[in-house]
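Now, the feature entries from TrEMBL:
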type     : residues : note
TRANSMEM : 9-27     : transmembrane segment
TRANSMEM : 57-77    : transmembrane segment
TRANSMEM : 84-102   : transmembrane segment
TRANSMEM : 156-176  : transmembrane segment
TRANSMEM : 188-205  : transmembrane segment
TRANSMEM : 210-228  : transmembrane segment
TRANSMEM : 234-252  : transmembrane segment
TRANSMEM : 340-357  : transmembrane segment
TRANSMEM : 363-380  : transmembrane segment
TRANSMEM : 400-421  : transmembrane segment
TRANSMEM : 427-448  : transmembrane segment
REPEAT   : 620-653  : repeat 'TPR'
Amino acid sequence: MKQHDFQDIVYSIYAVFVAGVTFWIYMKTLAPTVSFFDSGELISAAYTLGVAHPPGYPLYVLIGWLFSHLPFGTVAWRINLMSACFATLAAIMVYVLTYRILTWKRGVEPDAPAETEPETPSASVRPDPERMLPPVIAMAAALSFAFGITHWKQAVIAEVYTLNAFLAGVILLLLVRWRQHYAATGDSAVWRLYLLALLFGVGFGNHQTLALLALAAGFLVLLTVPRLLLDARFLLKIVLFGVLGLSIYLLIPLRAMQDPAINWGNASTLEQFTWLVTREGYSTVERGNALQTLWNDLFADDTAPDVPADEADQPMSAYETLTHSLFWKQLRTFNPVREFGYLGTGFAIVGLLYGLIVYRQVGATLLIAVLSWVLITVIISDPPEENIFLVEEFHTPAYLIVAVWVGMGVMAIGRAILWIASFSRTFQYVLVFLMALYVLIPPASLLLRNLRTVDRHQNYVAYDYAQNVLDSLQPDAILFTWGDSGAFPLWYLQIVEGQRPDVTLVHTPHLSAKWYVDELPQDLFLSSDPYQRCKKDLSCFISEIGQKNVHTRPIYFDFSSAHSIVIPYPMIPYGVTYKLARPGERLTEDVWDRYRFRGILDDTRIAVDPDVKRTFLIYGSAYVELGYYYLEYDQLEKATEAFNAAVRFAPELGDRIVRDLSFQNRLMDARPKGPLGPRRNLTSLFHRHVP
């Protein structure tokens, strides 16, 4: 067997191994149903072939619609499976990209064809130790990326980021292969660049950040065939192929005109289509103004003119100003140490330097890709400090490149070790075997470290919370919701699973948008044109709906909406919701008996993220509200049971309950004893029941 045939077999075996292990781990940790945040809305949009939140995500919706029609599993599980599939393919892209770079013969990267070494009889029998390294190193790089926490977290839920990572990997691989082809043949192969332009356009229909790789692509073309950038016909064709890819966005107005259940922005007109695709709806979202603030802190002269210099506060150095700035915190959302560990990051730094030296053009292109991706993403998103975490997933394609650097760094070290051991071929084989074992340590450690944080295979918290909310509602109810994590799982249950079609869901923040008000049933409002009357006043809309329906339909607010806006009606706690109370109406006590709490009150281990923690807190806080309700009617035993139930869900509420009960004890001590005799001490009663 020829050596290159053997190498191809080994390459294929490792590729299958990477795909198999990665996909198996993802399936073992896959969420069984809907999750919080965008999951419920994206699943619903895919299932109905609708229009998701800005910028619409038409490519994701279209592929998701295909996955939603698989003949097995629930719809939510099928879309989660889609994420796992593309996450696996993204890991394969790391493997292939790393392998192609590592097996690129050194010294032929410039514009000269590669020379092939003559094959000797011994070479056809005994493989070169150095050629044995690339497959296992590429495998380690791919698994390090696959089990990094950011990519893995997105691989087990319905989200757009794994598809984005896969498309980024395909684009980078095509770029590298184009450069290698040109270096070996001198053929510019412009059809490959046209294919890239088409892929950029199509990929833009999944996540618009993919366009950031165009800077790196243009940089490599400039280094390789600069005359192309002066060729008007070539540039025109690039634009045409890009526009052809962007035609995926035509799906949005075509479907919007059909009025699907998820029809964000009702983009059936040019104005609304532009509003959706350009994300104009987010223009009012609070921004951090991090760069402007940093600039002012570095260069503005804030010293008062009448304050002597020796009495002024000692200013921070430029370094201290930078590292304490919001901009620095935003940049730190890109965190290779968190993703790959210190060892993996060390390999990546070596690989970056090695790539710049050995694979100059490609190495520089990868560096440009990471720098432009991270910097532009941070500058454009510019989140305030409390929303910085939202940017973390955007960096997944940058981590894909860092994983390639990890492989290049290990290869640089491996080649150095083999060069030192060149005196003995047998010793080199031993070293290759030992290195193959050693390079698997980083991905194995990432797997073990992140498993409990990422594992969602028993996580039903979002589904059960939404189900519990619906189970709180009487027939023909109106429910006001607030946050995405509270509303979107409800959308999934109602739109996809067909639960509670009698309930009218009103997403309160959206009432400020005319397109959303127009989508709601007209008979929901008191006036014929509620948007003209209320404009963006949410309280006005609530009053419109309340006055029209309070005597004919039960009206509820979920926990977040009840605590986010002033509601001009008396309310009573109703499980995890609040109900507009009619005269003389009392609490329905059995509502909590209908609830399910899988993974919360049993011994199930689930991944706890901020949304899951917040759900625990909502359950606990709702029990606290129930306890206060019972106190108002002197039902002390029931109040105590409610307070202790609150602590079971959210132990951090215990101190708050004790403080509040102690305060109420002091109030009662100051009141004259009633006909029922002396009151019991509420604090001691609570403590007596605390487990």
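Quick reminder: no glycine exception, Cβ is built from N, Cα and C everywhere.
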Stretch among 9-27, 57-77, 188-205, 210-228, 400-421 sharing the most Cβ pairs under 8 Å with the transmembrane segment (427-448): 400-421
Residue distribution over DSSP helix, strand and coil in the repeat 'TPR' (620-653): 28 helix, 0 strand, 6 coil
Chain residues outside the transmembrane segment (9-27) and at least six past its termini with a C-beta under 8 angstroms from it: 81, 84-85, 87-88, 91-92, 95-96, 99, 132, 134-136, 138-139, 142-143, 146-147, 152, 155-156, 447
Surrounding residues of the transmembrane segment (156-176) on its own chain - C-beta under 8 Å, 6+ positions past either end: 26, 29-31, 34-35, 38-39, 42-43, 46, 57, 59-60, 63-64, 76, 79-80, 82-84, 86-87, 89-90, 92-94, 96-97, 100-101, 192, 195-196, 199-200, 202-203, 206-207, 209-210, 213, 216-217, 220, 362, 365-366, 369, 393-394, 396-397, 400-401, 454-457
Interface check, the transmembrane segment (400-421) with the transmembrane segment (340-357), three or more C-beta pairs under 8 A: yes
Contact set, same chain, for the transmembrane segment (188-205): CB under 8 Å, 6 or more residues outside the stretch: 57-60, 164, 167-168, 170-171, 174-175, 177-178, 181-182, 211, 213-214, 217, 221, 225, 228, 234, 237-239, 241-249
When counting Cβ pairs under 8 Å to the transmembrane segment (363-380), the leader among 57-77, 234-252, 340-357: 340-357
Cβ-Cβ under 8 Å with the transmembrane segment (234-252): same-chain residues at least 6 beyond its ends: 51, 56, 58-59, 61-62, 190, 193-195, 197-205, 228, 267, 273, 276-277
